[in-house]
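Participant: Annotation comment: Swiss-Prot describes Glu109, Glu113 as Mn(2+) binding site, evidence class similarity to another entry. Positions annotated as domain 'Nudix hydrolase' by Swiss-Prot: 61-208. Annotated motif 'Nudix box' per Swiss-Prot: 94-115, in sequence order. Taken from Swiss-Prot, the feature transit peptide covers 1-44, and the record attributes it to sequence analysis.
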Amino acid sequence: MAVKASGFIGKSAISVHLDFSSFPVKFSCLKQFSVSSPKPLVVLSVALSSPARTVESPPVGYRKNVGICLVSPCRKIFTASKIHIPDTWQMPQGGADEGEDLRNAAFRELREETGVTSAEFIAEIPNWLTYDFPREVKDKLNRKWRTSYKGQAQKWFLFKFTGKEEEINLLGDGTAKPEFKVWSWMLPEQVIEHAVYFKRPVYEHVIKQFNPYFVDEEKDSMNSSKD
């Protein structure tokens, strides 16, 4: 497979030709900024496909984190777009405090980021999943947190949304700064497709592990009524 792309960095025109016919790759979404943007144009982002890393406990140098997969009765997953990175969609996640029960931390993060309290715990993935920060992300986050993390080690939890959509509020519960600008229910494969490339292996693993629990209750109810 060959890919051609062109664009500008500052006032300079660039052209890129990439040939990936000899090995498999995954492409992230194309991102484009205006020429006047202080940030350089990102023409193409390519990530080699690799499985998520699973560990029994968080490795040294990785931030302890919880991830929340919130599924609706019709088998769709809650995702939201970050305020400052509008092209990036993700499931809720956040840091766990020292000594905090991880399931409680997941409930807390869900409430803080989405306002959701009507959620039923379904399952958790027993092992931790890790991902490394890309260099530019690592530098930015470590300046923000005043840390030196390599990446994040995540414990993932599955919850079923049992409330009404009016409950979802991206201002959260008021205890933390809002992180998301817009939200959507997505099919499992869409969640993976719209994830930022360095989180994608983790998302693939999470959805594979939770897939047996993804039941379309509305469809099952209709089928039962026909029997």
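Glycine too: its Cβ is placed from the backbone N, Cα and C atoms.
Please go over these features one by one and say how buried each is and what sits next to it.
Facilitator: Secondary structure from DSSP puts Glu109 (Mn(2+) binding site) in a helix.
Here the motif 'Nudix box' (94-115) has Cβ contacts under 8 Å with residues 63-68, 70, 78, 80, 121, 124, 155, 157, 159, 167-173, 175-176, 179-180, 183 of the same chain, all six or more residues outside its ends.
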Participant: Under the DSSP assignment, what numbers of helix, strand and coil residues are found in the domain 'Nudix hydrolase' (61-208)?
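Facilitator: So the counts come to 46 helix, 51 strand, 51 coil.
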Participant: Since the record lists Glu109, Glu113 as binding-site residues, which of them has the fewest other Cβ atoms within 10 Å of its Cβ?
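Facilitator: Per-residue Cβ counts within 10 Å for the binding-site residues Glu109, Glu113 bottom out at Glu109.
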